[in-house]
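According to Swiss-Prot:
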type	residues	note
ACT_SITE	Cys76	active site, nucleophile
ACT_SITE	His163	active site
ACT_SITE	Glu165	active site
DOMAIN	1-189	domain 'Glutamine amidotransferase type-1'
Amino acid sequence: MIVILNNGGQYVHRIQRSLKYLGVPAKIVPNSTTLEEITVNPEIKGIILSGGPDITKATNCENIALNSEIPVLGICLGHQLISKAYGGHVSRADSEEYASIKIYVKEENDLFKGVPSEFTAWASHMDEVKVTPECFEILAYSDICGVESIKHKEKSLYGVQFHPEVSHTEYGDVLLKNFCKKCGFEFEE
């Protein structure tokens with residue numbers, strides 16, 4: 001099972017539905033849920049930190065990003081919280097918009113396996129990661145944001161600024177499937 005921490009974003013139920021379509025059980029929990037409350041259940045194989053409107057109300061996300069031993073994917077605000085937890089800098093976007101954008105993948109990696117080097121995604125850019133922590137590498141960027149996706153260099157810890165769970169994002173299902181594979185789920189190819 002994948003646990004989705006609800007940071008109040010409009011797409012949190014869409015994340016759960018996208019995982020269901022992949023055959024992956026998922027449960028939405030409040031963002032006040034602690035890492036200990038999550039990992040006490042051995043069926044939990046991964047955590048997704050959802051998007052949301054307010055970085056100050058994402059209570060346990062940074063602790064989860066720092067201390068989880070199971071894979072974590074941050075989406076939009078969740079991506080920003082992961083970066084912030086490790087000392088990255090998050091601030092207002094230069095181009096504040098909610099729109100379809102082109103994403104450029106730097107090179108194939110475990111999160112973007114099977115995804116072309118350029119694709120269209122639906123993204124929200126009010127705030128964004130401006131400076132990436134040293135222990136992370138940038139996986140993807142766009143013309144309006146230099147940090148569209150990150151990965152911790154040693155842990156299964158990922159972030160994406162865009163929304164892979166919405167149908168407007170090309171290959172979003174592939175990205176979510178790749179994350180689920182990191183969590184130990186298997187799929188018929």
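Heads up, residue numbers simply count up from 1 along the chain you see.
Any Cβ shown, glycine's included, is placed from N, Cα and C.
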Between His163 (active site) and Cys76 (active site, nucleophile), what C-alpha distance do you get in Å?
7
Other CB atoms, at most 10 A from the CB of the residue listed as 'active site, nucleophile':
27
Could you give the Cα-Cα distance between the residue listed as 'active site, nucleophile' and Glu165 (active site), in whole Å?
11
Average model confidence [pLDDT] within the domain 'Glutamine amidotransferase type-1' (1-189):
93
